[in-house]
Amino acid sequence: MEARDATAGAHVSSDEGEQATKKDAAPPKDKSQSKSRMEQIFGFKKEDLSSWHNLVALLNRPTDPASLGIFRCLFGLLMAVDITQERGLSHLDYKYLDGAPVCRFPLFNFLQPLPMDWMYLVYMVMFFGAVGIMLGCFYRLSCLMFISTYWYIFFLDKTAWNNHSYLYGLIGFQLTLMDGNRYWSIDGLRRPSIRNAHVPLWNYTLLRTQIFIVYFIAGIKKLDADWVEGYSMSYLAHHWLFDPFKLILPVELVSLLVVHGGGLILDLTAGYLLFFDVTRPYAFFFVSYFHCMNSQLFSIGMFSYTMLATSPLFCYTDWPRRFFSHFPEFLRGVLPLTSSDVQPSSSCVYSETESRSTERQETPPATKSSKLRLKHKLRAIFAIVYILEQLFLPYSHFITQGYNNWTNGLYGYSWDMMVHSRSHQHVKITYKDGKTGEIGYLNPGYISRKHGYMLKQYATCLSQLLPRYNVSDPEIYFDIWVSINERFQQRIFDPRVDIVKADWSPFKANPWLMPLLVDLSPWRAKFMEIEGTLDNQTEIVFIADFPGLHLENYVSEDLGNTSIQVLQGQVNVEVLEEKKNYTLQPGEMMKVPAGAYHKVYTVSEDPSCYMYIYVNTTEAALQENFTKLFELQERIRNGTETEPLPPELQPLAAAEDEVSEVNATDPIVRLFLKRQRRMKEVKKRREAGVLERLERFAVKKYYTIRRGFLMSAIAMRNLVVGLPPLEQLTREVDFANMKAPQSEGNQDERLKDEVGHGEL
């Protein structure tokens, strides 16, 4: 296994390395017959691994540059698009506004963002680096421009870390060291000596191994009990993409077998299936289907398309030549080369047979090497060390224990993609003046609710900002409730610890992290039974708490029917307004008043479990009114309504195309008509044809990208000639913010439709 991983699919590359020269060697038929079974399957012989000398020669074996050149072009294109979107060029000014009292979360505290105009310059360097990679223009410089700025942006904000962003940086780093500009590149036009020249096998080995690791380690991480039992991503089964499966399976089995079982099997096997010629077509189908689905299920930017672009790396490395040879002759001038005459390269090590072959092609001997040199050995060492490091990092969390919480971190390099889903029910941030003892509360907004190391950074930042608001020596306490993989909502950090003064080290376990109550995991099956007995208007929240702690909660006035029922342990419920305490045992229930605070104390020796059962009475009454108005409107339109309408209901009688909430005087009627109009718009969008959807998508992306580049142009002008008058700057920013014309409704409402915010 180690030998195979070390070569990472060497078989497909070595075949091409030999194909590039076999026309002057022995007849193909004889050569194929002379290959051993191992060489036919893996692309190398057992002898290639028998000594260090042979292994170095194998990793530096000459290989066709075509597949690598196409991947380089696709990767550069996808990164150029990614920079305008997920990297944040289009909304950079919102993120790095100069002078804003904002808490940031860099990997290293000394890393700070540059002034906003300079941040735009950083992004422009990164963008032109990506374009240079795509074109193969000043390739090494472009790679350095891209990865230096990319990793700076990556390390600058841990809140945006994820596995695929980490993968982009790794691939960019690898391409920097590879000969990716040997095929279909501007550098090849400028320097004929490198055009269509061999690349060493380790170029493909690293990329293939990296993608194999992404798939296989992700599959290993999915062997987690929560994933195998179907709790990690159960909500996905309700997505329309799984409707075909729901024709033959209930939604519970779709979640267990298709979402979780299918995802596990695909991740574990994709790397192997892509590896072998016989299974590769099947791998292409399932992997492509998988990534196309992911592009619709998750907001993951260019990740799905990047993974699709990596799949051809496992094919024979001359596939672009064979593919583009089918195009018309008049396009050959702009398409990649289809000739099989590949130049030798000093980066490769040639066998004696290959050396004689290149001599018969009258290639200058200075361009080839049949002896191992120091650079070949160093590159082989790098390839092996890099692969070993990538295999080790996902399991290195025993070293960086301070970054761990209920799951191992740092999350970015773990490849535990989608293994854990979280929901957040309650967040309270309390500050205390260290001198006066005054207590206050902060709006949590968006904070990192699952990473202790980021919470420590946030508390430190708040302790520096609060003195501006006359809070001396502030103490900061966090009460954060999280549910992971459909478990109870429970505290993740100790609310009694002042995080400003709390100890934290990257190499020691976090002492103020509360343990995950895994012993209560079997309750999840009971949750499903309880939820199945509820009607559509009743909601439920499951809570677990530690002995000696309490939950302070406020019940909104809209929740007029709220009760607490104990499932395990013993609790005391204190109703603050009534100044009364109530003790509840397992199975007992009590109502809690709406519009008031109460506290739930865990008084048992073991953790308590209880649930809130509530009905939004305001919403229920509103829905009942909507139902009556809809029935009345239907009777009016089909002519069965005989009673005269009062003035406040007259807008219901308008023609369907003329309905407007503007003329409605009754607030319920106005809200009903507004909801109907919005539902009509949403239905129209969902039923739109392919061309209309593509047009809408293209227009949206155009204005997003347009804003990024216009704001970048403004920033570059500011750096070169200085700031213009405020009025001019305002006009320029307004022009950059221009949106697409809206056919119906105002822009704010359209935006709410896009992000899924309902009227209620």
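Yeah, the Cβs are placed from backbone N, Cα and C, and that goes for glycine too.
Under the heading compositional bias 'Basic and acidic residues', TrEMBL lists 19-37, 353-362, 747-760. Here TrEMBL flags 341-350 as compositional bias 'Polar residues'. Marked as domain 'HTTM-like' by TrEMBL: 60-319. Annotated region 'Disordered' per TrEMBL: 1-37, 341-368, 738-760, in sequence order. TrEMBL lists 120-153, 201-220 with the feature transmembrane segment.
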Checklist line | Residues from the same chain, set at least six apart from the ends of the transmembrane segment (201-220), whose C-beta lies under 8 A from its own | finding: 5-10, 12-14, 17, 58-63, 67-68, 71, 163, 167, 170-171, 174, 178-180, 264-271, 274-275, 307, 310, 313-314, 317, 379-380, 383, 386-387, 390-391, 394, 415-417
Notebook entry, point to check: What are the DSSP helix, strand and coil residue counts for the compositional bias 'Polar residues' (341-350)?
Noted result: 0 helix, 1 strand, 9 coil
Check: What average pLDDT is reported by the model for the domain 'HTTM-like' (60-319)?
Finding: 94
